[in-house]
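To keep things clear, I will list the structure first and then write my remarks on it.
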Amino acid sequence: MLLSCIYIFLVGFTNCFFVKVSCSTSDFSLKGDYLLGGLFALHEIEHETTLFSTEATECFRHSTAKSGYQMLQVMRFAVEEINNSTTLLPNVSLGYEIFDHCSNTQNFNSVLSFISKNGSIKPKEKLNSYQPKVIALTGPYGSSRTMTVAPLFTMDLIPMVNYGASSYVLSDKHQYPSYVRTIPSNKDLIEMIIHIIRWFGWNWVAFLGSQHDLDGLNVFNEYIRNTGICLAYQESLSLNANYSQTLKRIDKLNINVIVIFALPQYASKIIKAAIANNIQDKVWIASQHWAMNQQLPREPGIGKIGTVIGITEKLLSLPGFNEFVYNKARGTTDVGRNDRPESEVQRKSKTCNQDCDYCSLLTAEEIINENPTLSFAIYSAIYTIAHALHQILQCDMNKCHKNTMVKPYMVNYHFDPTISYAVVLWRTEVNPPQFEMVGTYEKFPETTFTIDNSLLLWHNNGSVPFSNCSAECEEGYSRKPEGFHSCCFSCEKCPPNTYVDFSRDIYTCFPCAENEWSDEGSTTCNARSVVYPQFTEIPSIIVMVSAACLIILLIAVFWLFAYNYNTPVVKSAGGSMCFLMLTSLILSSISVFFFFGKPTSVFCLLRNAIFAFFFTICISCLTVRSFQIVCVFKMATQFPKVHSLWVKHNGQWLFIACSSFVHLISCVVWMTVDPVKAIADSWTFKDQIMLICEMGNAITLTIVVFISWVLGFLCLLFSYMGRDLPKHYNEAKSITFSLILYYLTWIAYFTAYLTTKSKYIVIFNAVAQISSINGILFTYFIPKSYIIIFKTQKNTLAYFQTSIQNYTQTISRT
């Protein structure tokens, strides 16, 4: 590689210096006190030649690039304006030597000419004594061309004030110490492109660059990280590439936004290939290099390819330039029109890439209307050099010290280009085509970017084109990655009690906290309401008032029975056993009040254990009372010894004590093996947390209920056996009714508890307790209380003896 470059250097040097060449055309050269170099692409190579070709490129043999000639005229205009100035370099004239620079590797003749001194090059000469032909230069156009020739200038610190090379690599002062530019770097341009892509919400894009300028692609890849933009297709193209195949691949991937970050000759081939291959309805983002190309908008069929959005530096007018082109540039080139017929041998011997056949054919309007993107950058480059000389020569308002020795390294000047871009829309539907500014991008004093969407006339009826791998997920949907690119995904609705937060992680449905809930497909969680039967609720008040009334009634009955303790009704009802029954019912009723308010472990224990234990004592009393009546009237005659033992040992109290003790043990086991405790039920209802009491271990609970229900069954059995006893001793109907109500109530409760979840189930539990107590109270005690109060004639010993005699006579007859 190095040898080939050296060989090309020698070939170029030989062609330009050993063959005597006279470059006298005024467009390309001007004498002056200090000579400036200029490299402009007046022609462009359409097809690349082999790198190891021994021929130096003759640019005039290739296709024309009218914009290059306009750039050349800007340089000439700037030099003439400075030479005519009375304040800048007042008594100093600038000259220039300009070459047509159309190749990366085969235009070294012009470079060697610039760094030569009297036709020769002395690489080892010291900086303070070396005086090359030019004091500074501007150009060439394009980063790859600049990086190719820059080492030859920077090794001698010859200032390169470039107008058209934006590669950030050239910012490296260690490698390119004398290089400055008057345009922003690729990094700023790439930032601008990304701003445009994100403005319209695109994330599925293609990036096409040139093979000789890779840093644009590299910077783009670096800057789109963490932006949500996916580079679906990328390629660095050569001039000989198959552009049709590239565009077909892009179209097959459904990419609708294509960034072309390349010089005009590459962009031209891509756009023409798109027209030829009927590639339609795309968005083409044009880099600064070709954003205001004058030829492409006039291509037949350009309107079908879609919308072209260009990025260019904000255009600043050059006052006097149009007049310069009209009055002088055209005048100096008209002379040569009559001499155009020349033989090929004559042209070759007379030119050294300072020949432009088409230039003399251009009208002033064509030159003025060419792409003005880099005009101000060229103008600024020349003025930058002039101001540096102005300082070195210690110029004042009248004159400069021309006797000051000026070396190229002394002219190096620091320059910070203003970063100010415009977004232009290609209006190809009008004739002639126009470039309409639709947006701006500024980085000083702060970064601002805006686009006027109303000015954008999209190719698809005005709506912003879609260029995303996947459509954005609706609210409440998380992304599920598909394939390599993060932009490609499917959407899954978040299940209940989860949510997706796009600002946190768009790929995850996060679970709600335990005290929160959400519907399917949610983006936030809602706070759950904590529910439990409160003291202030209407159902709670009704139940508590009922329980209070029940307790009062039980106490009243207790007092009534105590007051009438020695009456036959009280004695037949059980005597002192009645007070145990009533006390148990009163204590059972108290448990109702623990069902309301915020549940605690103590409340949960008291609400169930108190009722379960004391109500079972009451049922034990009923059972033994039923058995005792049957025993007196039927078993005493049939089993006198058993009856005698029962009476002698107070069998009724022994039975009550044993059954109560067994039940107490079962309750203690129930409360200790798996204690009843308050829990927060967050799974039954999505929007509620029910504070409930867990019922504890199912087996121990079953044992507790089983003991109570077995006693109740025995009570029913003994009551049935005594159904034909005397009326005042016959409790079959009342006990049967109360126990059936007891069973039905609790069967209904357990059925509801197992099938229905609600805070009102807790109230139902309290109602079941009240109902069970009321069943015994109103079927067993209230009828007897009625007789004591309203039927006093039946509450006499004689009345009861008459009833027993009638029963005995009835039995004896049977």
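Backbone N, Cα and C define each Cβ position, glycine as well.
The signal peptide annotation in TrEMBL covers 1-16.
Per TrEMBL, domain 'G-protein coupled receptors family 3 profile' is recorded for 539-804. Mean per-residue pLDDT, taken over the domain 'G-protein coupled receptors family 3 profile' (539-804), amounts to 83.
A Cβ distance under 8 Å defines the sequence-distant neighbours of the transmembrane segment (541-565), meaning residues of its chain 6+ beyond its ends; these are 535, 573, 575, 578-579, 582-583, 585-586, 589-590, 592-593, 595-596, 763, 766-767, 770, 773-774, 777, 781-782, 784-785, 788-789, 795. The feature transmembrane segment is assigned by TrEMBL to 541-565 (among others).
Long-range contacts of the transmembrane segment (577-597) within the same chain, counting only residues at least 6 positions beyond its ends with a Cβ under 8 Å from a Cβ of the stretch, are 532-535, 540, 543-544, 547, 550-551, 554-555, 557-558, 561-562, 570, 603-604, 606-608, 610-611, 614-615, 617-618, 621-622, 624-625, 652, 656, 762-763, 765-766, 769-770, 772-773, 776-777, 781. Annotation source TrEMBL lists transmembrane segment at 577-597 (among others).
What TrEMBL lists as transmembrane segment is 609-633 (among others).
Under the heading transmembrane segment, TrEMBL lists 653-673 (among others).
Feature annotation from TrEMBL assigns transmembrane segment to 698-722 (among others).
What TrEMBL lists as transmembrane segment is 734-754 (among others).
For the transmembrane segment (760-782), the residues of the chain that approach it from at least six positions outside its boundaries are 532-533, 539-540, 543, 546-547, 550, 553-554, 557, 561, 573, 578, 581-582, 585, 588-589, 591-592, 595-596, 607, 611, 615, 618, 622, 692-693, 731, 733-735, 737-739, 741-742, 745-746, 748-749, 752-753, judged by C-beta separation under 8 angstroms. Positions annotated as transmembrane segment by TrEMBL: 760-782 (among others).
Comparison of 609-633, 653-673, 734-754 by number of C-beta pairs under 8 angstroms to the transmembrane segment (698-722) places 609-633 first. Tertiary neighbourhood of the transmembrane segment (653-673): same-chain residues 577, 580, 605, 609, 612-613, 616-617, 620-621, 623-624, 627, 696-697, 700-701, 703-704, 707-708, 711, selected by CB-CB distance under 8 Å and a gap of 6+ residues from either end.
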